[in-house]
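Peer 1: Below: one structure in structure tokens.
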């Protein structure tokens, strides 16, 4: 059968079929036990054992081993190379090591004692991880000299010639063991203690020579020792002692420490809020941390109970009722218990490492959706948030010389070259002439270029607003404009150069641009679309200021999205992302009374822009509301 010996009630599970002996005998020798007398299982059990101990166990061992190795590799790069959470990383590595050994030892009952050691060490590694999280929560600033990486030590003993060698050395696990050896003291101590605790397991079974009558040959089989059958040993060591060190004791300890950790996190969050007057984004971050820690710990405890409780129940069953004539039923439970223990070891690192990342993403998405819904029109903070948005909007217009839309559109186009199509195909009449704009603009010209995606519809925001002529843009953008008849040629050139510099500083953060981008900034259609974007945002802010309901505002945004959808216009996710990031970048350059006002204003703008993006997607029909991914 090849049963796993991790279940402490393994009396029957150790009595598998005889193995490996090649001497053929014509007749059974005297005084030799017949192997056929050691097991008489039914055909139903043979099929059950083949499925559980064969296919399912093999799949569990393979997937669990690969998962543990991948988790160790990921922990190694993210924690060791970046020098963060080294203690927790070491605990996860030790856990993966013992879980992998437990999975490997499951195939042969001869490794019963080793599987018991790996089982105990795995349980204690989970306890160590729980303690690590509790200590990090109780005193997050606690550190030692060993926690700090001295970069000079990586280049010790050489100049540039040793750089390649030392960089390769950082990928060596032995190098990590040497650098962070102090973090391995507790795991190594617990592993050594697990070996000592399970020394009696080496004497629970022994091999005997037996005769396989159907095959007419000698073989080796496993026999239960007198120690394992001793009633005092079963009661005090297998039940009481192991209950304290491998089942109930660790489980109660993990649960208690988890509760303390959660209480500490909540108390710390309240203290931070009272002391620093934290904004909602920061509070969401801390509450998400508490929620994630709680969920991971609860999953570990529940998984521990579900997958390991049957082993403990079988121990009590054996001591209380004995096997008697229930061996054929008992062996089914033993196989199931062994498989559940393997499944627990195969999913430990998955829950602790991968599960934490998955929960972090889900909680971040939940907080984003919550902030997205806070358009802040119907709660106590609505007036203040609207006032912050309006005040920063006025500053943003001044900072960009009323080119907020142009700055945003320029950033979007730089990151999305496929959106250049409508500007490349602009007719000659749309390009400003020398008589209506700066003399230097006509010399630039607009080069015809083919779209990298000609099958895509040009992305032109269709906002039904009155579009002023380009001459009005020029008059607003050119504070130095003078009548040509009133100035000399030299002065006119200076005025035009100053106007062009003003335009560049308004539309680009650095005031510098390449020739190709300069052509875009001088295009009349570019300025028309930029003006529409700015007017649309200003219209929404004004609606919020005048107290329009959230339903009216979202309906207005969806109406614009619907117009785009009717014209077959879609926006890539990268365009939405750049729209939001560039707008927030402009707002962050405004002046604020305090850092708290800055954080609160940026949070309000982030929520406001997320609503625009979501409702535009709703209007465009690009996504359903339950699949909307906020940026």
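Cβ coordinates come from backbone N, Cα and C, glycine included.
Automated prediction, rather than curation, is the source of TrEMBL annotations.
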Peer 1: Match it up for me: which of 10-30, 31-51, 52-72 does TrEMBL list as transmembrane segment?
Peer 2: 52-72
Peer 1: To which of the residue ranges 162-185, 210-233, 330-353, 354-377 does TrEMBL assign the term transmembrane segment?
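Peer 2: So the range that TrEMBL calls transmembrane segment is 330-353.
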Peer 1: Give the one range among 84-105, 117-136, 188-208, 239-265, 330-353 whose Cβ atoms make the most pairs under 8 Å with those of the transmembrane segment (52-72).
Peer 2: 330-353
Peer 1: Going through 117-136, 239-265, 330-353 one by one, which has the most CB pairs that fall under 8 Å from the transmembrane segment (188-208)?
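Peer 2: Ranking 117-136, 239-265, 330-353 by Cβ pairs under 8 Å to the transmembrane segment (188-208) puts 117-136 first.
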Peer 1: Please give the sequence-distant neighbours of the transmembrane segment (117-136): residues at least 6 beyond its ends with Cβ less than 8 Å from one of its Cβ atoms.
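Peer 2: Distant Cβ neighbours of the transmembrane segment (117-136) are 6, 85, 87-88, 91-92, 94-95, 98-99, 101-102, 105, 142, 186-187, 190-191, 193-195, 197-198, 201, 245-246, 250, 253-254, 257-258, 260-261, 264, 293, 297, 300, 304, 341, 345, 348, 352.
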